[in-house]
């Protein structure tokens, strides 16, 4: 049988963006503005939640965790992309690529469970208003938040170990602007079917569980809202839950579009577009969505600004 060289590479080249000088500097300016706006929006929300006593409740505690995730996600991916655009340094070490993918999957996994916890919090607030304080205590909030981060960590550890124990021998060019699961699977020269099956199974079980909790919570919320006699109460409830539901739809739509397809159907161009939506635009839009639809947040932000 013919021997196959399974020597692994020591570094990768991120080739997801154009090398044309005029486009390169334009993209650098655009993504730098988006990144700075994302940092400013989410940091302002964190400051508002920590300094405004009226926002010291479970709903805004979870929103603060979401803002922290929205700071980490673009920091993990966009900083290296900005370096590549400005300095044309598209090389990332094997270890650097591994840590970049680890932190990215960690943030994405944590956010999936955090959105489910936020949906459950809104369900209790609307469907069991009188028992809300007894059910959703700050101690329970802390345990739920820590749980989402712990599950995200171990989920990412599993995915990262499965990806970076593969062999990369034919090419070291990653057709993306950061290290992610689909382009790394497409780049590997090892058989990936069994690992893809494990990744999809674990991600499917965990993601589906979080999605079911979110979906059931909002079904009960919708039924409770429709059963309210006062139109003012219905409007207030819709306003409270509308922003979170918008964030859920935006996040799940882009994440599913990136991670549920097998590597045999991987399309670099499509993956780059979708990944920019959830990796760059979603963290920018989240604070805007919450601040526009929530009067308490808007008042707190005005005081902070």
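Every residue gets a Cβ built from N, Cα and C, even glycine.
Going by TrEMBL, these are the annotated features:
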TRANSMEM  25-48  transmembrane segment
DOMAIN    41-290  domain 'G-protein coupled receptors family 1 profile'
TRANSMEM  60-79  transmembrane segment
TRANSMEM  99-120  transmembrane segment
TRANSMEM  140-168  transmembrane segment
TRANSMEM  197-225  transmembrane segment
TRANSMEM  237-261  transmembrane segment
TRANSMEM  273-292  transmembrane segment
Spatial neighbours of the transmembrane segment (99-120) far in sequence, C-beta under 8 Å, 6+ residues away:
59, 62-63, 65-66, 69, 72-73, 76-77, 80, 92, 144-145, 147-149, 151-153, 155-157, 159-160, 163-164, 178-181, 184, 206-207, 209-211, 213-214, 217-218, 244, 247-248, 251, 255, 278-279
Contact set, same chain, for the transmembrane segment (140-168): CB under 8 Å, 6 or more residues outside the stretch:
6-9, 12, 58, 61-62, 65, 94, 98, 101-103, 105-114, 117, 121, 181, 184-185, 187-190, 192, 195, 198-199, 202-203, 206
Let me spell it out: take the transmembrane segment (25-48), skip the flanking residues so only those 6+ beyond its ends count, and list any with a Cβ under 8 Å from a Cβ in it.
17-18, 55, 63-64, 67-68, 70-71, 74, 78-79, 81-82, 85-86, 280-281, 283-284, 286-288, 290-291, 297, 300-301, 303-305
